[in-house]
Amino acid sequence: MTLGSLGNSSGMSSTFLLSGVPGQEHMHIWISIPLCFMYLVSILGNCIILFIIKTEPSLHEPMYLFLSMLALTDLGLSLCTLPTVLSIFWVGARDIGHDACFAQLFFIHCLSFLESSVLLSMAFDRFVAICHPLHYASILTNTVIGRIGLASLGRSVALIFPLPFMLRRFPYCGSPVLSHSYCLHQEVMKLACADIKANSIYGMFVIVSTVGVDSLLILLSYALILHTVLSITSRSDRFKALNTCVSHICAVLLFYTPMIGLSVIHRFGKEAPHLVQVVMGFVYLLVPPVMNPIVYSVKTKHIRDRVTHAFCH
């Protein structure tokens with residue numbers, strides 16, 4: 001008996017099976033149309049934002065440099081899930097090897113937590129701009145912005161780097177079916193035929209130390225911003241100051257709401273319908289990259305003017 005047949009006879013699995021929309025397999029080709037449209041909008045929208053910021057010297061300011069980081073992150077999130085999602089909905093190819101799955105979840109989680117860091121950096125940018133406007137240029141220099149970006153990337157990579165290796169040491173047996181069209185750590189670890197307590201604890205630690213800390217600091221930033229804005233005597237100046245935060249607040253809500261919802265469903269919503277998990281999964285990974293370029297194009301005058309000029313001429 002060969003090692004391969006021994007593995008098969010013992011129920012061990014060498015691949016995982018990704019899922020589309022349960023019970024709607026006959027509709028996958030039609031479901032793929034809005035998904036493709038969302039991917040197209042996400043990729044084109046974020047590329048346009050990056051192109052405009054790069055080619056317009058007047059936009060080489062801290063706020064727009066952080067926006068370009070957000071666009072790069074959203075672009076990466078879209079590209080790392082695109083192959084598996086479209087392969088399922090177009091040709092029904094559900095199999096994914098363990099190493100490919102671990103690599104995909106590394107990039108998904110790394111980019112997700114990087115986006116959280118970028119949103120925190122953008123909150124800090126708004127805090128300095130509104131609460132310390134005279135020191136804005138001296139505090140947020142290009143060097144400082146570069147260091148913030150590298151620190152954010154370093155934190156995400158350092159925290160997510162152990163996950164693939166922690167998952168790789170497990171044997172996987174039984175039904176290797178995942179709930180989504182891509183790999184997530186909290187999904188894959190549940191398929192292991194071993195004690196996953198260490199993975200579960202480390203996963204919770206990562207979420208608390210990134211999303212938890214970042215969201216609290218963002219709330220603190222806006223509490224200080226609100227305190228400063230309310231001290232401004234002119235009503236029009238108060239409105240103008242708050243209006244510069246609207247796009248960022250929308251981006252924060254678009255990112256944190258589905259992420260927290262999906263995490264709660266995976267950890268505590270065992271009785272939730274499978275369809276709810278699938279829909280939340282697509283909302284979590286597709287809605288922020290699609291909506292962020294639209295929100296910033298509509299609400300930010302300099303971006304809106306450049307987009308209008310580009311398409312009208």
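Cβ coordinates are placed from backbone N, Cα and C, and glycine is handled just like the others.
Record features, source TrEMBL:
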TRANSMEM  29-53  transmembrane segment
DOMAIN    45-296  domain 'G-protein coupled receptors family 1 profile'
TRANSMEM  65-90  transmembrane segment
TRANSMEM  102-124  transmembrane segment
TRANSMEM  136-161  transmembrane segment
TRANSMEM  201-225  transmembrane segment
TRANSMEM  246-269  transmembrane segment
TRANSMEM  275-296  transmembrane segment
When counting Cβ pairs under 8 Å to the transmembrane segment (275-296), the leader among 29-53, 65-90, 201-225: 29-53
Non-local residues, at least 6 beyond the ends, that sit with Cβ under 8 Å of the transmembrane segment (65-90): 18-20, 28-29, 31-32, 35-36, 39, 42-43, 46-47, 49-50, 53-54, 96, 104, 107-108, 111-112, 114-115, 118-119, 121-122, 125, 142, 145, 149, 152, 181-183, 251, 285-286, 288-289, 292-293, 296, 300, 303
Cβ contacts the transmembrane segment (201-225)/the transmembrane segment (102-124), at least three under 8 Å, sequence gap 6 or more: yes
Chain residues outside the transmembrane segment (136-161) and at least six past its termini with a C-beta under 8 angstroms from it: 62, 65-66, 69, 106, 109-111, 113-114, 117-118, 121, 124-125, 128-129, 206, 209-210
Per-residue pLDDT averaged over the domain 'G-protein coupled receptors family 1 profile' (45-296), given as an integer: 90
